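Single-structure report; data block below.
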Amino acid sequence: MCGIFGWILRTRAKQTERLLQGLRDELAHRGPDQAGHVLTNLGDKWQIGLAHRRLSIIDLAAGAQPMESHDGKYVIIYNGEIYNYREIKEELIGSGHCFRTDSDTEVFIESFRRWGTRCFNKFRGMFAAAIFDKTENRVILCRDHFGKKPLFYFSGEEGIVFASEINALLKAPYVDKAIDWAALQEYLQNRYVSGPQTFFTGVKKLPAGSFAIWSDGELTISQFYRPPVAQSEPKRISLEIAAGQFSELFQDAVRLRMRSDVSVGAFLSGGVDSSAVVATMAGFTSTPVKTYSVGFPQERFSELAHAKEVAAAFGCDHHELMLEEEDFIENWPKAVLHRGAPLSETADIPIFLLSREAKKSVTVVLTGEGADEVFAGYPKHRAERWADWYQRLVPPGLHSTFLDPVSARLPESASRLATLLSAFGERSPGQRMFRWFGNMSEREREALYRGPAVSLPAKVAPSEVSGSSLRRVLLFDQVSWLPDNLLERADRMMMAWSIEGRMPFMDTEIAKFAAGIPDHLHLQHRRGKTVLREAMKNVIPRHLLERRKVGFRVPVHLWMRHRLRKPLTDMLCSGDSIVRSFCNPVFVDRVVAEHLEEQKNHEKLLWGLLNLEIFLREFRPSM
């Protein structure tokens with residue numbers, strides 16, 4: 001895991017080696033162990049700069065970057081890990097390739113030399129890379145299948161600048177720092193911005209599962225991977241056979257992700273996903289697995305007791321972090337700075353601080369991310385089936401006349417029912433994907449927003465192009481919710497402390513297998529992740545396996561009425577508030593008052609507004 005930075009600039013705009021090193025070192029937290037760069041001219045028209053910060057994980061002594069291919073034709077800078085690098089290396093040796101190191105970086109560049117862009121689909125891992133092809137005078141940028149590793153770029157008149165994090169990019173010359181008002185509106189409504197847009201007009205994300213080829217001033221983007229759930233047909237298979245097949249694949253995915261020359265641990269919540277990871281890790285090591293959990297003084301929001309029970313069951317070396325309100329408030333702006341965008345979920349900050357704690361004893365952690373999105377673990381995966389029937393049976397006018405008002409008056413304790421009614425009333429399957437998370441409707445966003453009138457970009461809703469209702473939600477999760485929110489969060493919050501996060505459930509072989517599971521097996525017994533539960537029934541204690549899904553809940557709605565009350569009103573209701581310059585102040589004041597007076601729980605809307613305010617104060621984009 002590392003940080004990369006680079007540029008391809010016209011010679012009239014060429015920059016110094018010192019600047020390249022300085023911008024590279026903005027990413028030092030991603031790679032504190034080594035630094036390297038190369039700066040070269042491409043004829044008399046272009047200057048290419050490639051820079052790298054290394055977090056040493058595999059072949060600590062010999063894996064420095066930038067790295068040249070054995071024949072000297074290619075140069076690579078790369079962030080990530082190729083977990084099956086040993087197997088690919090054996091295949092390459094059989095084809096006559098020579099190796100100087102035991103690093104996965106060398107396997108990456110030699111794979112590209114052998115197969116070109118076709119090599120990306122041979123990799124089981126996470127990666128964002130830039131490859132300079134000296135013979136063709138071109139540069140290839142690429143990003144892994146699910147977008148676990150980030151790659152931002154800015155393309156303008158003087159050329160292209162790219163980086164692992166937006167913060168470094170914004171400090172580069174020629175990068176436009178103007179706010180993207182369409183992205184801002186999307187965040188207000190959905191609490192994250194879907195790719196390729198970012199909060200800055202000219203800065204884009206390279207899409208997950210894509211590569212871009214730059215040649216003589218032109219950038220062409222191609223897709224090399226699409227989640228199998230978009231195209232696979234379900235198989236006829238029993239639950240028992242499916243569970244057995246998954247168990248073999250999962251053990252292999254965990255085994256590969258434990259490959260490391262540094263210490264490895266795991267984040268443990270006590271839920272079935274992280275418990276499955278820890279249980280499987282314990283079978284591959286003779287030493288106790290180091291596990292890390294975070295909780296809160298308010299016991300009904302804390303899963304520390306469950307995590308401790310799982311850790312004890314598998315003989316783990318367990319570490320706990322109790323997160324107090326003061327720590328949360330103090331580290332909030334720091335987390336926003338590292339995210340490079342307003343935070344989407346309240347869980348960002350606990351992950352940020354748990355990573356700081358884990359760094360005291362490990363460099364790599366395995367996590368349970370992706371299980372819900374691959375194996376249908378959210379309540380929405382079950383509810384979406386009924387939404388289709390509801391749309392056919394209930395006319396839009398009936399819902400808006402009778403049920404919308406009911407939903408608006410429901411008490412705080414009935415928030416799940418309110419979300420259900422709200423989502424059922426959304427006629428567009430694409431928009432309904434966002435409503436399942438309790439986000440505001442388009443109508444509410446229009447009532448709140450008072451900024452410049454801009455059109456939101458037309459984006460193909462993946463929910464509109466898949467088969468069954470379940471599969472369209474899973475596709476949405478895998479092409480939007482994961483890469484643009486959850487995986488982005490995991491990378492930024494962990495790498496802030498030089499921690500590499502690895503996600504066995506996001507293995508491409510597991511995704512391919514899960515795409516073939518018929519819908520009824522995913523949701524059998526009115527629960528999600530049926531195949532995972534069946535596979536783990538003789539591994540994880542039964543009462544933990546069958547515990548109701550809680551989710552990672554932070555009691556922010558309560559804190560807003562106490563310790564966060566003053567920051568809340570200062571940032572949203574005072575004359576210093578930036579969001580009031582483009583949001584309806586009457587709307588904002590009403591929402592704040594209703595929440596503080598415990599009339600309604602507006603946690604999600606207020607969380608979004610507060611994070612937007614912090615982001616605008618920290619980054620100061622041109623508006």
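Including glycine, each Cβ sits where the backbone N, Cα and C put it.
Features of the protein shown, as given by TrEMBL:
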DOMAIN    2-217  domain 'Glutamine amidotransferase type-2'
ACT_SITE  C2  active site, for GATase activity
BINDING   D104  L-glutamine binding site
BINDING   V294  ATP binding site
SITE      E369  site 'Important for beta-aspartyl-AMP intermediate formation'
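Rounded to a whole number, the distance between the Cα atoms of the residue listed as 'ATP binding site' and E369 (site 'Important for beta-aspartyl-AMP intermediate formation') is 16 Å. There are 25 other CB atoms within 10 A of the CB of E369 (site 'Important for beta-aspartyl-AMP intermediate formation'), with all protein chains counted. Geometry remark: C2 (active site, for GATase activity) versus the residue listed as 'L-glutamine binding site', CA distance 13 Å. Here the C-alpha separation of V294 (ATP binding site) and the residue listed as 'L-glutamine binding site' works out to 32 Å. Mean predicted confidence for the domain 'Glutamine amidotransferase type-2' (2-217): the pLDDT average there is 95. Look at D104 (L-glutamine binding site): DSSP puts it in a helix.
Residues near D104 (L-glutamine binding site) in space but far in sequence (CB under 8 A, at least 6 apart, same chain), listed by position: I58, G63, E81, I82, Y85, G125.
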